[in-house]
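Enquirer: Pulled from Swiss-Prot, these are the listed features:
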ACT_SITE  K10  active site
BINDING   P99, M100, G101, G102, G103, L104, G105, G106, G107, S108, S109  ATP binding site
ACT_SITE  D141  active site
Amino acid sequence: MRTQWPSPAKLNLFLYITGQRADGYHTLQTLFQFLDYGDTISIELRDDGDIRLLTPVEGVEHEDNLIVRAARLLMKTAADSGRLPTGSGANISIDKRLPMGGGLGGGSSNAATVLVALNHLWQCGLSMDELAEMGLTLGADVPVFVRGHAAFAEGVGEILTPVDPPEKWYLVAHPGVSIPTPVIFKDPELPRNTPKRSIETLLKCEFSNDCEVIARKRFREVDAVLSWLLEYAPSRLTGTGACVFAEFDTESEARQVLEQAPEWLNGFVAKGANLSPLHRAML
């Protein structure tokens with residue numbers, strides 16, 4: 001029997017870089033919100049203990065794929081604690097809609113969906129805390145997808161406080177370039193000393209993203225899309241890019257702007273969601 005699981009996108013409604021640790025990782029303050037749009041992961045259980053990804057990603061080795069790594073990590077963790085039923089395995093496939101290097105959290109979301117779904121399907125019984133801790137070893141954004149609620153994040157993104165920002169409508173646009181996260185974080189001109197503020201203060205301020213100035217300067221495609229969107233609505237970069245988003249109060253407003261978009265602008269309209277579509281599917 002094949003089951004399907006949402007793997008939603010996220011937006012960083014704001015992102016501030018507050019410092020850099022000795023190990024090179026950047027400390028930040030950011031606000032995560034999910035979208036009711038994303039990839040779909042299909043899982044069919046096996047009884048021979050094997051993990052197979054039926055939809056490989058070009059240029060990514062099978063065992064290096066975050067989906068496979070997440071499944072193997074859950075398998076090992078559950079087995080080590082005697083909570084993995086004998087023969088547990090899975091065939092996994094993905095209907096990929098989220099771009100790589102887009103700042104929408106696609107890979108992290110995929111890993112989280114696999115952890116949550118297989119924990120349920122294999123009946124391992126691991127807690128959300130355990131799954132989030134495992135997820136952090138796969139990527140800094142994985143825990144927020146595992147926990148499934150919009151959150152204010154600090155540290156390197158692993159210290160999460162659930163929040164409920166307004167669930168607006170967004171026009172999300174992809175400039176047609178992929179921006180690897182290290183390209184932004186290694187840039188010498190990236191602001192790295194934004195003062196820390198309380199979540200209460202930040203929620204009252206105008207939102208912005210410290211990475212945006214670098215993305216616009218280094219990638220003219222990002223600058224072009226943002227310049228166009230800003231004519232219509234408050235707009236900014238998500239994560240380290242490359243995707244940007246404009247926010248609206250209604251779906252019709254967002255769709256009207258998308259209909260006017262030039263041919264070179266690829267985008268979609270989605271609603272913000274404080275409860276992840278993955279967790280909504282589990283209810």
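Note: Cβ is positioned from N, Cα and C throughout, glycine not excepted.
Buried or exposed, and what's around them? Tell me for each listed feature.
Expert: According to DSSP, K10 (active site) is assigned to a strand segment.
DSSP assigns G103 (ATP binding site) to coil, not to a helix or a strand.
Contacts of D141 (active site) defined by a Cβ separation under 8 A and a same-chain sequence distance of 6+ are given as K10, F32, G105, S108, S109, G157, in order along the sequence.
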Enquirer: Could you work out which of the binding-site residues (P99, G103, G105, G107) has its C-beta surrounded by the smallest number of other C-beta atoms within 10 A?
Expert: P99
Enquirer: Other residues with Cβ within 8 Å of the Cβ centroid of P99, M100, G101, G102, G103, L104, G105, G106, G107, S108, S109 at the ATP site?
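Expert: My list of surrounding residues reads A9, L98, G239.
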Enquirer: For S109 (ATP binding site), just give me the three-state DSSP call.
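Expert: For S109 (ATP binding site) - judged by DSSP and reduced to three states - the answer is helix.
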Enquirer: What kind of secondary structure is D141 (active site) part of, going by DSSP in three states?
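Expert: Assignment for D141 (active site) reads coil.
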